[in-house]
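The following features are taken from TrEMBL:
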- 3-101: domain 'SRCR' (DOMAIN)
- C72-C82: disulfide bond (DISULFID)
- 106-201: domain 'SRCR' (DOMAIN)
- C170-C180: disulfide bond (DISULFID)
Amino acid sequence: RALRLAGGRSRCEGRVELEQEGTWGTVCDDSWDIPDADVVCRQLRCGRAVRAPSNAAFGRGHGPILWDEVGCEGHERHLWECPAEAEHDCGHKEDAGVVCSEHQEWRLSGGRDGCAGRVEVFFRGTWSTVCDSTWYELEAAVLCRTLGCGNALQRPSFGHTLPGKMLYQCESPQPSLAQCRWTFNKSAPCHQSRAAGVICNGTAS
């Protein structure tokens, strides 16, 4: 048996999909809640559950709907240790999803559109700024591409006004900043840093 998340912006958010006897299918959202999502997040090494969205929040899946009425208590090591029913009256519009604490997503705020501004990262349930002490051309280029904003033109600096601070160090062009080295809320490397910004050459569609 295997478990994965599909349709999200990282491997730690998305529609819950199970593999059973070689076939991938989805889970119905009837009685889907945070303890169920917690088990999924822990099993995938994605921390804990921040949200347990329902109603195909990450798009409708394909294949069979394998499980309904999942009833985890939250301490199980694998989703298939939880009680569930194979019989269901669900459609894919009821596919269950999860957002885990280790999921990272980014936005640019305060600029002319979503392709310019201060870099902010959503991580462990809260928005944080990014330290500019290691914010170089490579890191800025990775983010512009991830956001669908083309290439990085400039890297302005801003003040830190959010509770947390994230630091990224990329050694090669990665698909996203989450795949570079990162540290969260470590004061030493962020000492005297400002909040990183970027102006990409694309525009937010």
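Even glycines carry a Cβ here, placed using N, Cα and C.
Put simply, C180 (disulfide bond) is 33 Å from C72 (disulfide bond) when counted between their Cα atoms. Other Cβ atoms within 10 Å of the Cβ of C180 (disulfide bond), summed over all protein chains shown, number 19.
A 10 Å cutoff on Cβ-Cβ distances gives C170 (disulfide bond) a total of 21 other Cβ atoms nearby, all chains included.
Annotated pair C170 (disulfide bond) and C82 (disulfide bond), C-alpha to C-alpha distance, rounded: 39 Å. Between the CA atoms of C180 (disulfide bond) and C82 (disulfide bond) there is a gap of 34 Å. When pLDDT is averaged over the domain 'SRCR' (3-101), the result is 95. Ranking the disulfide-bonded residues C72, C82 by how many other Cβ atoms lie within 10 angstroms of each Cβ puts C82 at the bottom.
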